[in-house]
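Trainee: Here it is: the structure, laid out below.
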Amino acid sequence: NAEPFQVTVREDNCIIVSLEASDVVSSSSVYVVKIAGESKNYFFQFEEFNSTLPAPVVFNAKYHGLYYIVTLLVVNSNMVSKSARSITVLTKPLPVSNVSIYDYKPSPETGVLFEIQYPEKYNVFTRVNISYWEGKDYRTMLYKDFFKGKTVFNHWLPGICYSNITFQLVSEATFNKSTLVEYSGVRHEPKQHRTVPYPPRNISVQIVPINRNNWEEHSGNFPEESFMGPQDIIGKAKLSHFSDEPPEMPTANASYAWPDDRYNSTEDEATSQPYWWSNEAESSEGEEEFVNAVPKDYESNEGNSSAKLVPEPPTFLPVQMVLTWLPPKPPTAFDGFHINIEREENSTEFLTVSEDTHKFVAELKEPGKYKLSVTTFSSSGSCEVRGSQSAKTLSFYISPTGEWIEELTEKPQHVTVTVLSSTTALTSWTASQDSSGNGTIVSVISLTCQKQKESQRLEKHYCTEVNSSSSLIENLIPGAQYQVVVYLRKGPLVGPPSDPVTFSIVPTGIKDLTLYPLGPTAVVLSWNRPFLGVFRKYVVEMFYFNPSTMTSEWTTYYEIAATISLTASVRIANLLPAWYYNFRVTMVTWGDPELSCCDSSTISFITAPVAPEITSIEYYNHLLYVSWTYGGDGTDLSHSRMLHWMVIAEGKKKIKKSVTRNVMTAALSLPAGDIYNLSVTACTERGSNTSLPQLVKLEPAPPKSLFAVNKTQTSVTLLWVEEGVADFFEVYCQQAGSDQETKVQEPVTVSSHVVTISSLTPATSYNCSVTTFSHNSPSVPTFIAVSTMVTEMNPNVVVISVLAILSILLIGLLLVTLVVLRRKHLQMARECGAGTFVNFASLERDGKLPYNWRRSVFAFLTLLPSCLWTDYLLAFYINPW
């Protein structure tokens, strides 16, 4: 029955392990303590001992609220360890250092928000023990649903004072079917909190006229600055210029938050009867002077008045106000009710009645607009006084004639706004027949104005709420968004607001959209906007065929925030060359949903192509072959707006050739002998781009078809055909067939294609060459072999000699002819001299002429031409010319 080794935990979180006599097995054994629980195990050996037990082992535990397993190990002489026994201990968690309690806003009557602060490092706990006094009853509970030190209680009673609220961290551990529990201490200041009581129910008011005679009988019993007569109340206080608004009613779906300060109400202590309190039984004629006097605080409040107020006899017929209500719903702890009566929004009566009072009657001595509210308050206990939220605020109006106008509870239905133009709109709604004669208030405010910086606002008329009795809304701005709320109005009373209606004015859009090209891949868009308009941003979009996705669609390129400037521009880069683009600029409003205008603000453009690059130039067989490249290696012209290529060679003659876009090579037939400025131009529908020019020099061509058209003894005329472009020709002739050096003829330079080479040697062969020169470059010479003629007489001498010879021959012939003729003539003369005459009578004998006669006629006819011819020869001989 001896006690085992002892394990205790001190307040400083140290574990003390003591060895008892019953644990000693042998003096030769070694006793070791094993402590487990943290990330690693710790071993401690007791000091060697003989008759007395060793000193305890002290272990400083790092964690608070963690359980540790302490095991005693006995090691014998054979180094064999044996577990003797184990004990489990639990350290205490560190206490809570600070506590904050807030109202749970969705339900402050039953809910609170707890926020606790505690050391988090090396502190372990499973639950939190919450202890408090609920009125006179002590409560305690274990709670574990804390998230980041916060949790919500939603089961307290309304209006109860909860005091001495404390929090303890609880650590629990189960080992060998036994449970260990440790509580932290309480080091924070105990807290207290009162929940908000529920408001009263079924609040109603009635106005009852009072007989005029009774009013005149008691008209002098009340001070003139008060608008109410005496009633049974606990206490009353008069507040001037009351401005505190009743707290908002929470919604069921609202999320809770933990505010910086608590929702509390000021404590209103019960007071004795106020100075203006009077009763019919207590009134006397001796007190009339005091009752009718102006009180001191009234004089102080109206000290700035320039004239003394002189009370006038009342002309208003008083009315009796009967205010009734029911107590709040149970279980609510409350101690009374607060009654707020506000008149004309500048004077308030604040009264307090007991918890058993459910009716309040007062006489209203002044006409005007009244607002009533009844709230519950709870003040018992040590907690601060809390008041309920106002369940309902009643409003009514008492006219100077005593007419009671009830509170308007109906709100306009089916409110719609019809936009008539860019600056006007019309509001319409429906209401019941009972309120058909009521007036209306149309409240308009711009939602756009609040979203803009003050320096960038483009509208200012509806930046604050503007109320109007007209259903026509004017002075609107295109592009703005407005919210309209309609109120029904009856006299000075205004009913509840209608559901807000939001409408937007479509922006007018931009104008004067202009495009300025900056090159094949960039453009600048510039535009103007109307002076009257409001918008959030410009959206620049472009439409083009995307070769990567093989689709055409509108895509947003850039968004520009709205400014007060009337002109805007944007640079669009990274465009595809020789590509079709369509650009659009729209104005987008601030509204939700956004409105934009206008899709018609578009401009189309075909970008210029990039400049081609000439890669090779070759001249072969009178043709110039040109090759070029366009863009990068992956350039695809299948979807571009490239039309064709224009190859231009400009020299003395300008030669053009159009090439289809799919071919990047061309052959030009150029005249030889000229220098050409060669370029390739990429052409689209609206633009072009030319490559860097290349200078090409073609060698001159030799003359073609060289002929010798005329030769003399000392000259030769050469004729040839000009080929290509030539500045001049150089003709050179050299004597052929002689080995010895002969005199070399000087080259002849001519600009035409015919030349006569003179000063040549007669009867000599020459080798002549003709060379074309263009831009100081010679061509290959063209050769021809020619020979001069042999030496001849002077043609004049030859002619004279020939004529002389002919003359001699004619003269000789003439002489011969004359001799023959002379003989013929002598013979004829002899025949004629014979005197033979014709006897015509003898001719008639036989009908024929005689034979001799016939011979005479024939001879005459024969000699006649001979005589004439002889005369001609004689004449020619005398003068041959």
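Just so you know, the numbers here start at 1 and follow the chain as drawn.
Placement of Cβ uses the backbone N, Cα and C atoms for every residue, glycine included.
Predicted, not measured: the structure shown is a model, and the values here were computed from it.
Here's the feature list from TrEMBL:
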- 305-401: domain 'Fibronectin type-III' (DOMAIN)
- 411-508: domain 'Fibronectin type-III' (DOMAIN)
- 509-611: domain 'Fibronectin type-III' (DOMAIN)
- 702-794: domain 'Fibronectin type-III' (DOMAIN)
- 797-821: transmembrane segment (TRANSMEM)
- 857-878: transmembrane segment (TRANSMEM)
Trainee: On the DSSP side of things, how many residues of the domain 'Fibronectin type-III' (305-401) fall into helix, strand and coil, could you say?
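Mentor: Across the domain 'Fibronectin type-III' (305-401), DSSP assigns the residues as follows: 0 helix, 49 strand, 48 coil.
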Trainee: Counting by DSSP, what is the helix, strand and coil composition of the domain 'Fibronectin type-III' (509-611)?
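Mentor: The domain 'Fibronectin type-III' (509-611) comes out at 0 helix, 59 strand, 44 coil.
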Trainee: Provide the three-state DSSP residue tally for the domain 'Fibronectin type-III' (411-508): helix first, then strand, then coil.
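Mentor: Here the numbers are 9 helix, 42 strand, 47 coil.
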Trainee: When the domain 'Fibronectin type-III' (702-794) is classified with DSSP, how many of its residues are helical, how many are strand and how many are coil?
Mentor: 0 helix, 47 strand, 46 coil
